[in-house]
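**Student:** Features from TrEMBL:
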type     : residues  : note
TRANSMEM : B:6-28    : transmembrane segment
TRANSMEM : B:49-69   : transmembrane segment
DOMAIN   : B:76-198  : domain 'Cytochrome c assembly protein'
TRANSMEM : B:81-100  : transmembrane segment
TRANSMEM : B:105-123 : transmembrane segment
TRANSMEM : B:143-165 : transmembrane segment
TRANSMEM : B:177-200 : transmembrane segment
TRANSMEM : B:264-282 : transmembrane segment
DOMAIN   : B:273-396 : domain 'Cytochrome c assembly protein'
TRANSMEM : B:309-331 : transmembrane segment
TRANSMEM : B:343-359 : transmembrane segment
TRANSMEM : B:371-392 : transmembrane segment
Amino acid sequence: MKSNKLLNMRYEGSARRSQTYRTTIVDKIWNFFSSVKVGIWIIVLLLVASAIGTIFPQEMYIPPLSDPTVYYEEQYGILGQLYYDLGFHNLYGSWWYMLLIAALGLSLIVASLDRFVPLYRALKKQRVIRHESFMKRQKYFGVTEVDDNKVELTSIKEALQKKRYNVKEEDGHLFAEKNRFSRWGPYVNHIGLILFLIGGMLRFFPGMYVDEVLWLREGETEQIKGTEEAYYLKSDGFILETYDNNDAKFKDAIEASGQAAVVKNYQTDSVLYKQVGERIAGTDPELKKIKEHPIQVNKPLKFDGYAIYQVDYKLNELQSMTFTMDNKETEESVGELTVNLYNPEKEYELKDGYRVEVMDYFPDFEFNDKGEPTTKSKVPNNPAFILNMISPEHPDGEVAFVAIKQNLEPLGENEYKMSFQNVDTKNVSGLVVRKDNTLWILAIGGAIFMIGVIQGMYWNHRRIWVRRKDNEIWLSSHTNKNWYGLKRELESVTNQTGLQMPIDQSEQKNRY
Amino acid sequence: MAQLSSNLLYIAFFIYFAASIVFAISLFGKKWRKSDEATHSKKWGMWGFTLSAVGFLFQLGYFITRWIAAGHAPVSNLFEFTTFFGMAMVFAFLIIYLIYKSNVIGLFAMPVAIIVIAYASVFPSEIQPLIPALQSNWLKIHVTTAALGEGILAISFAAGLVYLVRTVNQEKASKSTFWLEAVMYTLISTVAFVILSLGFEAAGYSSTYQFVDQNEQQVTVEYTLPALTGPTDGTYVSGNEFGPLVEAPAWMKGEKAAHKLNTLIWSIIGGLVLYGLIRLILRKRIGAAIQPALKNVNEELVDEIQYRAVAIGFPVFTLGALIFAMIWAQAAWTRFWGWDPKEVWALVTFLFYAAYLHLRLSRGWQGEKSAWLAVVGFVIIMLNLVVVNLVISGLHSYA
């Protein structure tokens, strides 16, 4: 044997585009991205970058309302500051991370095309008769001496066919092949990945993706944001259930957790409505009930490509406050009023000429830098009023500042006062409205990827060449992986046919 | 039922232990070998396999009875997941053994599975109620598939380790011998950590400290190991009155940083003591001590097993840890992907094995290089299990 070197069977030794054209810029870019080495570098860079992004929480996971410019330093010291300064707090949305993903996509396309085409051609027109040196330079190669025609090619052929090989015969030569489709696995899975990446990109096109927050109070009906005013959702109530702390099954775990209670269920009993006809300005829309659905975590309400998820809640949010107007001296009440905190009236008429004017309202009261009363938000977390109490004795009214546990008389001593009686609260469901029109392409991409990866990994492309030379029978064999499986198959075939078991030439080489 | 369940787990644990010893005999037991080498190894190998399979059945019994007791698939917290991961590893080993009949893989895979299950015992094992996000059929589908994928990939680690112990030149110290000992040391310090944790727990050790955290909140922290490093300006509240000897450095500001540092230091020290003792007894590197027993191991076959495990495990892992994960995340968290640390580390694992496959198939990284990659892959999987759950908190930190 002149050449001891085993044949490199990768891509069947066929020429790839990247090895043929090397002059223009397009060629150079093509050649760069066709390199598996470059591909691996892109994978490794993505891997390292992704890992770095988990060292400290990303910006989207830091507590809401905290300022990232100081949060990272406060929480994690100098390293946190450095993390923020380098832009790692928003790593997965950064331009360079996007660029890496784009490079990965390009590499997937170019490297696959560069290899698939020549490999397909080479495997399509394989010759049955192979050169002697080709056979000698396979990993498994064996020679059996036969004195007469005891060992027939037909019996070898049958043995191979029994092993589900596809056998071709030509002029005293056999070529047996199986599971060639496994060679397409990598290309199939790369197509799946490319589709997946395209799906990921589609999200940035308008209309493909809706993500809105919807706060819904018990008993109220709200237009569903993001549905182009077509749908309305009503809450028939928000339910929060906890596990029984004395439940024999979970008692120990709940005690050990140190929590007062463990939540079992968050649920919004919702009714979905669709608007019928055109809405006339200034009137309530005409609604048609579509369906009722208890929205729970893991069980979103689905309709028309949208899904509404249970994600948050507020218990006992203030809805209205009830006061009485009392004479301070006699402590006699002259009337009662209930203020809707979301929509207070300008004036509340009491009996016998008593009335209360709402001069100013601060739903979420605080004093600003200048010491003036102001409101943080429109949500009545801490309602405060400036009221004008009008009585027959004081037709111009007496001004009072009324807030939770506060009663001030900014313009001097009053004869009357507002006394807080009670509040009415409601539970509020925090819902998220989603539409994601990219899901189908992601699903197809993912499915194709899985098919390709299984096709490539769980089957092996095996080939066996047999030829008769004078009174010898030569047999050589190749597989792209799982040599152990090939070896066992060869053992079985040679046993049945009385051939010599081919030797593993790479082992021979190692030994000596 | 819960009691029966944990008893079955104990029994499985000890049977696994016995199986490891039997696999060791199949390779080491030369001196009192009556039959010839092949029959000896075949006979003891068969016993090792049978024991592993019986142990697996017991652990399956644990799994089923716990499922019945809890009313949900017992893969919902760190204890349950980690035990299941160990079980998946044993299952993967059984399959690989049926294909390759390799005793030496058993000698390495079973102890690693044992360490994983022992590590699980450090976490609270009470049956926990499911929070709303976990109440889904995808809990069992996603978690079991992901764990099975990781279990199969772990077999590639075991095979890689066999390859390295078999082939790394132990005659003189080198980078390879150093890192191989580092792997041994890491495994040993995990054992040390488990022994220390369970020991101090059995002794009822506990001390509580109070400190003001960076959000200016008064926080109490409970140490179940003696406090070597305490929180900055922490004060002793109750329990055992030891330490802290030093305060954790001020730049470590993460949640419970000082407590985590304390646990880490104990593991390192415990590992050093245990490793040192073993080295004193062996009087050579652990790798060098095992190497002679692997003299007859066919390194090419081991290399193939290592690769085969990745070839089988990679699609399973992708399906479970990425695809099923995305489907569930879309239902539970409104989006299929949200860059949660656990998600990212599943992606990192995926990318790593993708790189492994490309290096092997296209750049010819076989043998030692490939074996080192298999070791690194397992390190990434364990990072995702240990560090991401305990150190980086995210949506997945249920325990």
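Note that Cβ sites are derived from N, Cα and C of the backbone, with glycine treated the same way.
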**Student:** Take the transmembrane segment (B:264-282) and find every residue of the same chain, 6 or more past its ends, with a Cβ under 8 Å from one of its Cβ atoms.
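**Tutor:** Distant contacts of the transmembrane segment (B:264-282): 184-186, 188-193, 195-196, 225, 228-229, 289.
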**Student:** Restricting to the same chain and to residues at least six past its boundaries, which positions have a Cβ under 8 Å from a Cβ of the transmembrane segment (B:49-69)?
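**Tutor:** Cβ under 8 Å, 6 or more out: 1-2, 4-6, 8-9, 11-13, 15-16, 18-19, 22, 80, 83-84, 86-87, 90-91, 93-94, 97, 106, 110, 127.
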**Student:** Could you tell me the mean pLDDT the prediction assigns to the domain 'Cytochrome c assembly protein' (B:273-396)?
**Tutor:** 90
**Student:** How do the residues of the domain 'Cytochrome c assembly protein' (B:273-396) split into helix, strand and coil according to DSSP?
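**Tutor:** The breakdown for the domain 'Cytochrome c assembly protein' (B:273-396) reads 99 helix, 0 strand, 25 coil.
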**Student:** Quick one: DSSP breakdown of the domain 'Cytochrome c assembly protein' (B:76-198) into helix, strand and coil?
**Tutor:** 99 helix, 0 strand, 24 coil
